[in-house]
Amino acid sequence: MSAETELLGMPESLKDIKHIILVLSGKGGVGKSSVTTQTALTLCLKGYKVGVLDIDLTGPSLPRMFGLENKQVYQASKGWIPVSVPTTSGGELKLMSLGFLLDDRGNSVVWRGPKKSAMIKQFIKDVDWGDLDYLIIDTPPGTSDEHISIAEELRWAAPDGAIIVTTPQGVATADVRKEINFCKKVNFNILGVIENMSGFICPHCAECTDIFSRGGGFKLASEYNVPYLGNIPIDPTFVELIEKQTGFKESLVDLYKDSGLYVIFSKILDNVLNGEVKSGTDQ
């Protein structure tokens, strides 16, 4: 980190993080946390050191996704120590979430904007991530206080950009447009659009059926001339993996590497990492 960057206010906690990626969506219920989880799992399986920061303060679901609901974070001299996700293959994976700080996982978080902003500032400045290749930030839906706060806190950290998540339906893409416009206003680079829930994979015959429409994400990317990253189907086996890691004490990282979704995400992220994604109008 240069002296100029320190002067501009780069948080000490971020100085050893090579890349920062946000996962955004203007619409709730599109599977954003699922995309965050699978992005982190895929990067970890590729051998990277990965951190995941959950700033969905009123709905912190990632501890459940990673099978870490009963874990706690601890305070050290440099800040909170994130919870490590167990793995016997690939790189390293750590998670920080407000869910670890609640006395009861069922407690509701009823905070006004200033308290949310203060919590996000603390997450950015007071977590001891150590040396990371990637920090993935999971955000709540919309363009609310959390988004404004994270944009302000990252203004000197130069994040690589945002992955925008939508589902195929027009009611979803209409709200996701607002998120794309938000990124443009705060100068977040858009790494691309993912169309999630694009088809349903039958657990019996593995046939993919379009239970919703298809192509909404591609049309959205084309309209804004931003990269289109690909389609992610609904695969019941991913839910089974989450439940299996909890019931059988197996690592989600190790379970995920043999799933069909890992193949899909691996291809998407290879294109992102290699800078080979194309805009929607180029495909």
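Glycine too: its Cβ is placed from the backbone N, Cα and C atoms.
According to Swiss-Prot, the features are:
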BINDING   GLY26, LYS27, GLY28, GLY29, VAL30, GLY31, LYS32, SER33  ATP binding site
BINDING   CYS202, CYS205  [4Fe-4S] cluster binding site
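Structure with Swiss-Prot features highlighted.
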{"residue": "GLY26", "record": "ATP binding site", "Cβ contacts under 8 Å, 6 or more apart": "PRO141, GLY142, THR143, ASP175, VAL176, ARG177, LYS178, GLU179, PHE182"}
{"residue": "LYS27", "record": "ATP binding site", "Cβ contacts under 8 Å, 6 or more apart": "PRO141, THR166, THR167, VAL171, ALA172, ASP175, VAL176"}
{"residue": "GLY28", "record": "ATP binding site", "Cβ contacts under 8 Å, 6 or more apart": "PRO140, PRO141, GLY142"}
{"residue": "GLY29", "record": "ATP binding site", "Cβ contacts under 8 Å, 6 or more apart": "PRO141"}
{"residue": "VAL30", "record": "ATP binding site", "Cβ contacts under 8 Å, 6 or more apart": "PRO141, VAL165, THR166, THR167, ALA172, VAL176, ASN196, MET197"}
{"residue": "GLY31", "record": "ATP binding site", "Cβ contacts under 8 Å, 6 or more apart": "VAL165, THR167, ASN196, MET197, ILE232"}
{"residue": "LYS32", "record": "ATP binding site", "Cβ contacts under 8 Å, 6 or more apart": "VAL23, LEU24, SER25, ASP138, THR139, PRO141, VAL165, ASN196"}
{"residue": "SER33", "record": "ATP binding site", "Cβ contacts under 8 Å, 6 or more apart": "ASP54, ASP56, SER61, LEU62, MET65, ASP138"}
{"residue": "CYS202", "record": "[4Fe-4S] cluster binding site", "Cβ contacts under 8 Å, 6 or more apart": "CYS208, THR209"}
{"residue": "CYS205", "record": "[4Fe-4S] cluster binding site", "Cβ contacts under 8 Å, 6 or more apart": "none"}
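The residues near the ATP site, meaning same-chain residues not in GLY26, LYS27, GLY28, GLY29, VAL30, GLY31, LYS32, SER33 whose C-beta sits within 8 angstroms of the mean position of the site's C-beta atoms, are SER25, PRO141, VAL165, THR167, ALA172, ASN196, in sequence order.
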